[in-house]
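Colleague: Can you read through this structure? Questions will come right after.
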Amino acid sequence: MVCFSSLFVAASAIAGVFASPVDHEQLAKRQSTPSSQGTHDGYFYSWWTDGGAAATYTNLAGGEYSVSWSNGGNLVGGKGWNPGSARTITYSGTYNPNGNSYLAVYGWTRNPQPWLTPLVVEYYVVENFGTYNPSSGATARGQVTHDGALYRLFESTRTNQPSIDGTATFQQYWAVRDVKRTGGTVNMATFFNAWTAAGMRLGTHNYQVVATEGYFSSGSARINVAGGGGSTPSPPSTPSPPTTPSPPPVTPPPSGGGSCAARWGQCGGSGWNGATCCSAGTCQAQNQWYSQCL
């Protein structure tokens, strides 16, 4: 959702008095705020749209921004920091979705497994959403309590989709708040630690914003972001890459009840009480403390 290798080019003027349906579609695209990233009034901002919606994004003073959209398409934008970190974030504002939309702390990381092909991770701490629960169809990874509410953890895979490194296949990490809200405090260390404990490794942080996302829907939001305490965490210590020959795969338990770890997830090791089978790949011991689905 965030490939910024090119900007949209304005179309030529519409000729004639009577516009065709195709003309209307192109006009809607021209009326959208072009995708961009940068710094505004002390905050990093990121705005991306696929051009399919009539969408307007505006940077306001400080950490505040507004966005409105309609007529379909995919878009996401907000203000925050680059790089992301385990900071405590406060935010407030208004959020009025009509259809599929999220309000979330949203960010990206790179290289969660340094010895493998470079990968990216897209993460969401979802505070509010429209008609579609983003955890639908994702794999449950546990739960964590934060700021008086339960957040449910999930993991999903995106295949050949836009990312900070172009089109890629990558993991999505989710923490979805049971009771929706538009305003409060989010301590990102809580969620980074919970994901890591569930075998969902993060890597090196890229940007982190409090974002509004819309997908073939309509709505508006005006959000004010503050915070910044904490520091960019060092990536969790990772086991050394396996030497040749690789250790033999760990035999998964017989099929039955329970769920298996996703690819790249933890599946064993001394003291590990989670899943010991893999929904994709095979469980391979990296050392006595850590086995992983590869």
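Backbone N, Cα and C define each Cβ position, glycine as well.
Straight out of Swiss-Prot:
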- 1-19: signal peptide (SIGNAL)
- 31-226: domain 'GH11' (DOMAIN)
- Glu122: active site, nucleophile (ACT_SITE)
- Glu213: active site, proton donor (ACT_SITE)
- 259-294: domain 'CBM1' (DOMAIN)
Colleague: With every protein chain in view, how many other Cβ atoms are within 10 Å of the Cβ of Glu122 (active site, nucleophile)?
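Modeller: Excluding its own Cβ, the number within 10 Å is 23.
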Colleague: For Glu213 (active site, proton donor), just count the other CB atoms lying within 10 A of its CB, please.
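Modeller: Result for Glu213 (active site, proton donor): 27 neighbouring Cβ atoms inside 10 Å.
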Colleague: To the nearest whole angstrom, what is the C-alpha distance linking the residue listed as 'active site, nucleophile' and Glu213 (active site, proton donor)?
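Modeller: Approximately 13 Å lies between the Cα of the residue listed as 'active site, nucleophile' and that of Glu213 (active site, proton donor).
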